[in-house]
Amino acid sequence: VRVCVLVFTEEERRVRANDREYNEKFQYASNCIMTSKYNVVTFLPVNLFEQFQEVANTYFLFLLILQLIPQISSLSWFTTIVPLVLVLSITAVKDATDDYFRHKSDNQVNNRQSQVVIHGSLQKEKWMNVRVGDIIKLENNQFVAVSVSSTLCITTFRKFGVVCEPPNNKLDRFCGLLYWRECKYPLNNQNMLLRGCVLRNTEYCYGLVIFAGPDTKLMQNCGRTKFKRTSIDRLMNTLVLWIFCFLVCMGMILAVGNAVWESEVGSLFQSFLDWDLPVDNFLFSAFLSFWSYVIILNTVVPISLYVSVEVIRLGHSYFINWDRKMFCTQCSTAAEARTTTLNEELGQVEYIFSDKTGTLTQNIMSFNKCSINGQAYGRYAHARGCLTTEEFPRLDFLSFNPLADPDFCFYDNALLESVKLGDPHSQEFFRLLSLCHTVMSEEKKEGELVYKAQSPDEGALVTAARNFGFVFRSRTPGTVTVTELGRSVTYTLLAILDFNNIRKRMSVIVRNPEGRIRLYCKGADTLLFERLHPSNHHLMNITTDHLNECAGDGLRTLALAYRDLSEEQWEEWSESHRLADRSTDCREDRLAATYEHIEQDMMLLGATAIEDKLQEGVPETIAILSLANIKIWVLTGDKQETAVNIGYSCKMLTDDMTEVFIISGYTVQSVREELREWPSVEEKQQQCPPPPGPPSSTTLDSISGEFALVINGHSLAHALEADMEGEFVSTACACRAVICCRVTPLQKALVVEVIKKHKKAVTLAIGDGANDVSMIKTAHIGVGISGQEGIQAVLASDYSFSQFRFLQRLLLVHGRWSYLRMCRFLCYFFYKNFAFTMVHFWFGFFCGFSAQTVYDQYFITLYNIVYTSLPVLAMGIFDQDVPEQRSLEYPKLYEPGQLNLLFNKREFFICIAQGIYTSIVLFFVPYAVLSQASQGTGEPLADYQTFAVTTATALVIVVSVQIALDTGYWTAINHFFVWGSLGTFFSIMLAMHSESLFSIFPKQFHFVGSSQSTLVQPLVWLTIALATVICIVPVLAFRFLKLDLKPQLSDTLVRQKKRKPAGRGMGGVRGGVGGMSEGRLGMRGGSRRSGYAFAHQEGFGELITSGKNMRLSSLALANFASRHSSSWIDTLRKKNYPQLTSLSFSTNKTDWKKMFLHVNYETIC
C-alpha cells in the first residue's frame, strides 16, 4: 500500500535547492518506501477481509451460520468452526510472517544512511528522510537512493532551481533546465543519476534530488505488485463452484424426496407423531430439509482441503530452501522460496524470460585468443582440461613485467616469446591495444595500476596489452603515456574517432616521439575488412579462418588495423574534421563522413577474441530446459551484437538453425513488413522439421534445425502495439529462441504480459538487477539472482538463488515433483471425500429423507482432520515417481505439467466417478448383507448403529488401501501415517463408544458399546473385506491395463531393470559467428557470421579530448607537475569550470587536489 501519493497531476516539476519549505508546497513524494501491507492495528480486520474474499472461506462461514439454526442442523456447530478457525489462523500466521519480512526489508532500505547538505554542512540523514530539493553527496560504489542531477558538483551551495519534466518511466530521456545566477543550463539524460544505480569511477559528487520514492524512474518502471495464483488454484475455484452446484442439485433432489415422502407417507403418522415446530406442512419441511442436506453434504469440499494445500506447499518450500545442491559455496548463498503459493506452478513453465548480464553471464571479460599477422595464439586458453597439465601452464608475467596484472591468465607461451623476441607485428598489435581505447588509469602508488573502463571489453584488452609489456599508464586530453617493454613513451593524441553502433569501430590518431603519425583502428571485422588495403587479401583470408574458429567457441571478436598518415594528410583531414565538428546542421553525419574518409587503405594487424564468461553450467541448463519444451527468451538492454554473441555462447543460437531473423525496423510499416515475411519461414519449417529423437536424448543435436528471432528495442515498441502484437506473438512463439535487445524495464514487462495474454502459458522471469523488477513482478513466477547488482530483484522475486544453473533443478526436480504431488493429492482428496459424503445421499432414500446422518457426528468431524489427513499429507509432501537424477536425465518427463495432464477437468471427473462408485459399494454392500443377517444369539444385525460402524470402518480401510496404491515413494513417515491413521481410527472409535465416556457425557455420546459389539461379528469383517475387494480390484485392473497399453515415460523408467544414464553431451553444437545483416543471420549453408561484439557506448572519445573527465591522483599529479607546466591545468579549469574561478583556493597541494571535482565519468550498473 503506497502512502506517498501525488494529489495533483504534474505538468512540470519545479525544484528549488535546499528550500524544503518551498518544495513542500507541491506535495512531492517522500523517499520512504513501503511495500508492507499491514500494521499492528490493521492486520486483523484487513487480513480477515482478504481471507473472506476467498470463495471457499465465505462458503464455510455461510455453513457455520446455517449450523447455528437448530431446526435445520443435524450436526453440531463445532464440526465446521474448528476447521474454519484452524484455516484462518494458519493463513493469518503465514501472512503476518511474510509481512514482517517486508517491514524488515523496508526498514533496511529506508534507514540506509546518506549525506545531505543542511544549513551549509554535510549531515547524516536516513534515506526515507531525503526530500526533493535536497543536495546529497554520493561516493564511489554507493547506491543512488533517489534520482538526482549529477551536474551540480560545486563547493558552494547557493540558491538555484530546476524546472523539468514530471515523473515518468522513460529511462532514456530527461529534459530540464537549471537556473543559476540568472543563467539557464540545459539538462538531459546524461546529467541524471537514477535510483538503483551505482556510482563508479568517481570518488564523490554532489547532486540535487529531482525525484524521490515512487516518483523515481526505477519505481515508475517497477509496476504494481500483483497477487499471483497458480493455474491449479484457478481450476480449484472453478471446481468448487461446480461442486457447490452439484451439492445444490443433490439437496434439491433430496428435498423433493422429503416433500413426496411427507405428503404420501409421513401424513399417516400425524395422529401420533406430529411435525416439530415451526413445520406445519410438507413444503416447509422440504425447504428445511434442503438446507439440512446442504450442511450434511458440504464435506464434498471440506475446509481441511485448503489447510492441507497450504501445509504441502510449505513443505515443498522448505525442500527448496534445504537443497544443498542449490547452495553456492562461493558466495555462501542458499536457494530461497520467498513464497509458498507457487511451487506446483514451477512444474508447468513453458516460457522463461531471462536477463543477460549477471544472469547468464558473470559480466567478466577475459582475453582468450588472438590472431597476429596470420598466426593464431591462445588455442589452449579455453581448454579447461589442460589447465593443470605441465604442457600448458599458466604464464608467469610478473618475472617478465613487474607492472603486469597478477590476476591475468593466459596459457600460450608462444605469444609471450614472440613479444620478447621483438616481433614487430606482435609488438604493434599490443601497442594498438594500449593506445586505441577510452580507459582511464589511476596509479595511487608506483606500480599499482587501476584501470577504469567504460566497458569490460576495453578493460580486458588494455589489461592484455599491459601484461604483454605495453602498459597504459596515464592520459591527458592531448597525450597518452605507455610503458613499452620497460621504456616510457608519451604519444600525442591527435584525434579520437569515437565508437557508435553504426560505425561499429573506433580509431585514434597519434604521433609518436619520432614524429610519425599513425591511425589505429579496432572494430567489427565485417566492416573493417572492407576498408583494408588490397595487399591484405591473403592475410585477411587467414584471419577470417581464425575468426570463424573463435566465433565457433562463442568468443567476442574485434579486428585490428592501422594506417600511416603523412603530415599533409593529417593537416588536410584535421581541417575537414574541425569544420564538421563546428557545423550546426547535420553535425553527426558530417563527422561520420570525415571518419569514413580517413579510415581507408588500412593494414591488417590481426584480431582479438575475448570471452564474456558465462556463469557455470549455463549452456547445459539452457539445452536441458529446451529439451523439456521450455522456450527461453533473453530480454536485455545490451546491444544486438553483444546479445547475439552471448546467444551463441550459451547455445541458445546454433549454426545448425535453419535461420535467425533480425527485426530492426524503425517505423511501424517496416516492422510490420519484416514480421510478415514469416509465412515463407513456416513453409520452410514444414520442409525442414527437427530431427526426431528418443525422449531420453539430452544432446544439443536433437533441438537443432529450428528458427530464432532477434528484435531491437525500437522495433519492439512498434511490435507491441495493439494492432501488431498478435503478429509478433505468432512469429516469436514459432521460434525456439528469442532475443530482445536494447529493451527498457517496462518493455520487458510488456513482453511477458503479451505472452500471458495470447498464449495462456505459465511464464517465468529471471534477473538480477533493479531493471528486472518489473519483469519479475509481471511473470507468473519471478526468480531473482542474488549477484553483484544489489538485492532489488531478489526482494521482488518469488524464488531466489545465486546461479542460473540452479534453474534446471528448481523446475525439473522441485517444480515437477511439486506439481506431481499436488495433482496426486487433489485427485485422492476429492475421491475420498466423495466416497465419504455420497453415502449420506444414498442413505437419504432409506431414512425418509429426514436428513439423518449415516455416521456418528464425531466420525464426521474427525474423518478429514485425523483419520485421513496425515496419509494424504505424506503423499503430497514426499511422493515421487522417479528419482531426481532421472528427472534431469529425461527432460521429457516435464511435459505432462506443461500440458496440464495430471489434474484437469477430465481427471477431476474420473476421481469423482471413482468416489461415487466407492460410495455405492460402501452403502449397498453392507446394507444388502446386514439387512438379513443375525448375530450368533439369533438377534438381527440390521440396526442403525451397527450399519454406521460397519460402513465407517469399511470406508477408512478402503481409502487407506487406495492411498497405499497411489503412493509411489514410500518413506518411514508414509508407513507411520498410513498404518498409524488406521490404528488411530480404531482407538478413537473404541474410546468414543466406551461406557466410561457415556457415563460422563450421556447426551453427547450416543453410540455407547456399538463398535465393541459390531466388530466382534465375523460377518461384519467379511462384509468389510467384500466391500474393499469390490472397490479396489477394478482400480487395479484399470491401472495394469493402462500401464501395459499406454504407459507414460515415467512408467517406462520405473519398469526398467537396468537403468542406463542418458548422454549429457553438451558440446556437440558450436555457436558460430555470422554476418550481421539487417534481415537474416546464421542461415544454414550461408556465409560465416561475425563474432563481433563490443559493449561500448558513444561519447567517451569527445569526453576524453575535452578533458572534462580528467582527475589527478596524488601520484599522477606529482608526476604530471614534474613533466608539464600548470598552464594546461589553468586553461582547462577556466574553460570548463568558469564558476570555479570565483572561488578562493589555497596553494596547499591538498586543497589544490580537492578542486578537481569528479564528474561525468561514471558507468552505471
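Placed from the backbone N, Cα and C atoms, the Cβ positions cover glycine too.
If you check TrEMBL, you get these features:
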ACT_SITE  Asp355  active site, 4-aspartylphosphate intermediate
BINDING   Asp355, Thr357, Asp768, Asp772  Mg(2+) binding site
BINDING   Asp355, Lys356, Thr357, Glu458, Phe499, Lys522, Arg556, Thr636, Gly637, Asp638, Arg742, Lys748, Asn771, Asp772  ATP binding site
DOMAIN    15-81  domain 'P-type ATPase N-terminal'
DOMAIN    794-1047  domain 'P-type ATPase C-terminal'
REGION    679-699  region 'Disordered'
TRANSMEM  59-88  transmembrane segment
TRANSMEM  239-261  transmembrane segment
TRANSMEM  281-307  transmembrane segment
TRANSMEM  825-846  transmembrane segment
TRANSMEM  858-878  transmembrane segment
TRANSMEM  908-929  transmembrane segment
TRANSMEM  944-965  transmembrane segment
TRANSMEM  977-1000  transmembrane segment
TRANSMEM  1020-1041  transmembrane segment
Residue pair Asp768 (Mg(2+) binding site), Phe499 (ATP binding site) - Cα distance, angstrom, rounded = 28
For Thr357 (Mg(2+) binding site) and Arg556 (ATP binding site), determine the Cα separation and express it in whole Å.
-> 15
What stretch of 239-261, 977-1000, 1020-1041 shows the most Cβ pairs under 8 Å to the transmembrane segment (281-307)?
-> 239-261
Taking residues 6+ outside the transmembrane segment (977-1000), which of them lie with a CB under 8 Å of any CB in it?
-> 856, 858-859, 862, 866-871, 873-874, 949, 952-953, 956-957, 960, 963-964, 967, 1007-1012
Dominant neighbour of the transmembrane segment (825-846) in 239-261, 944-965, 1020-1041, by Cβ pairs under 8 Å | 944-965
Looking only at C-alpha atoms, tell me how far Phe499 (ATP binding site) is from Asp355 (active site, 4-aspartylphosphate intermediate), rounded to the nearest Å.
-> 25
Calculate the per-residue pLDDT averaged over the domain 'P-type ATPase C-terminal' (794-1047) and state the result as an integer.
-> 90
Long-range Cβ environment of Arg742 (ATP binding site), under 8 Å and at least 6 residues apart = Thr636, Gly637, Asp638, Lys639, Gln640, Asn712, Gly713, His714
Cα proximity to the residue listed as 'active site, 4-aspartylphosphate intermediate', best match among binding-site residues Arg556, Asn771, Asp772 | Asp772
Write down the Cα-Cα distance for Asp772 (Mg(2+) binding site) and Arg556 (ATP binding site), rounded and given in Å.
-> 25
Within-chain partners of the transmembrane segment (1020-1041) [C-beta distance under 8 Å, separation at least 6 from its ends] | 914, 917-918, 921-922, 925-926, 929-930, 941, 946, 949-950, 953-954, 957-958, 961-962, 965, 1014
Least crowded of the binding-site residues Thr357, Asn771, counting other Cβ atoms within 10 Å of each Cβ, is Thr357
